[in-house]
Amino acid sequence: MAQTAPLIPRLVASSIAIANRAGEIIRNVMSKGDLGIVEKTGKNDLQTEADRSAQRCIITSLSKQFPSITIIGEEDEPSDSPVPSDWVVSEVDQDILRLECPDNLQQVSAEEVVVWVDPLDGTSEYTQGLLDHVTVLIGIAVGNRSVAGVIHQPYYNYQKENEPLGRTIWGIRGVGVGGFEPKAAPEGQRIITTTRSHSTPEVQATLDAMKPDNILRVGGAGHKVMLLIEGKAHAYVFASAGCKRWDTCAPEAILVALGGKLTDMHGKEYSYDKNTPFPNKGGVLATGKGENHEWYLEKVPEAIRKKLV
Ligand SMILES: O=P(O)(O)O[C@H]1[C@H](O)[C@@H](O)[C@H](OP(=O)(O)O)[C@@H](O)[C@H]1O
Ligand SMILES: [Mg+2]
Ligand SMILES: [Mg+2]
Ligand SMILES: [Mg+2]
């Protein structure tokens, strides 16, 4: 079966198993208690042993299984960093291989594929114990479009007894989503999710212009999109640079597979081409299925929009 399925479902099937292993590694680092925190260049921009190890697991496993694809990971890691053999995943999720693949994804070649890896999204929150903000993101692009994605939540259910710890959700444009129950956000309200640690006067002014009933300030790009697809928020609004392609590639594919949308503050979709610069300089506007994306775009103050280029 694995040999006969097209490349994109095979990549998703492998990414699910790999993201699960990365999640175990992230939990193990936390349990051992030595996070090995390094400060990177930006505000609240940290890297831990969990980010480094999870990325090694993901990139080594993906490149062994798919030697000709391009893989771009968030963390700068020496290519000869040691990778224990039990971090190299060869399992695949068999259910994904049985899915019907749409015509436009049938013939994709490995050379057209770019995989954007955020081994641990929500690192600051991880170091602060806000564990439900943490995700592992594996986004799959063909050419410049995000077409499929996997979001793993290593700490899903961590405060519940007798419930399985962690879960993995996936989405493929034109196929659908799995691993969770999609839900619409409540009618007659406007709930917006945004940054908890990178706010600016422009970010706040944009939120104010949208007159939300409630603002959910949480960490992690993956976590914020999860709030949209599980019906806890109507829009994710971040009128600032700072987010990167590996933050949005996987969430965008899952959101779009469900009928939502993710663009910059000009309404333009981001390119996920292998040569594209990493920063999402135009900000992030993501809306759930049935939301009027244009309405949110129109509310962005013009002076703020102009700065986001
Ligand atoms: O993978 P990390 O570095 O944890 O990813 C960051 C994002 O780059 C950043 O945009 C998010 O900012 P906000 O939460 O302030 O929106 C941050 O949470 C992480 O996801
Ligand atoms: Mg980071
Ligand atoms: Mg991230
Ligand atoms: Mg990260």
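Cβ coordinates come from backbone N, Cα and C, glycine included.
Between the candidates Asp247, Asp264, Asp273, TrEMBL assigns the Mg(2+) site shared with Glu74, Asp118, Leu120, Asp121 to Asp247. Scoring each of the binding-site residues (Glu74, Asp247) by how many neighbouring Cβ atoms lie within 10 Å, the top position goes to Asp247.
The Cβ of Leu120 (Mg(2+) binding site) has Ile26, Thr48, Ala50, Asp51, Ala54, Tyr126, Val134, Thr135, Val136 as same-chain neighbours under 8 Å, each 6 or more residues away in sequence. For the Mg(2+) site, the Cβ centre of Glu74, Asp118, Leu120, Asp121, Asp247 serves as reference, and the other residues of the chain with Cβ at most 8 Å from it are Asp51, Val117, Pro119, Gly122, Thr123, Thr135, Val136, Leu137, Gly220, Ala221, Gly222, Lys244, Trp246. Reduced to three states, the DSSP call for Glu74 (Mg(2+) binding site) is coil.
Sequence-distant neighbours of Asp118 (Mg(2+) binding site): residues of the same chain at least 6 apart with a C-beta under 8 Å from its C-beta are Gly73, Glu74, Thr135, Val136, Leu137, Gly139, Ala221, Gly222, Lys244, Trp246, Asp247, Ala250.
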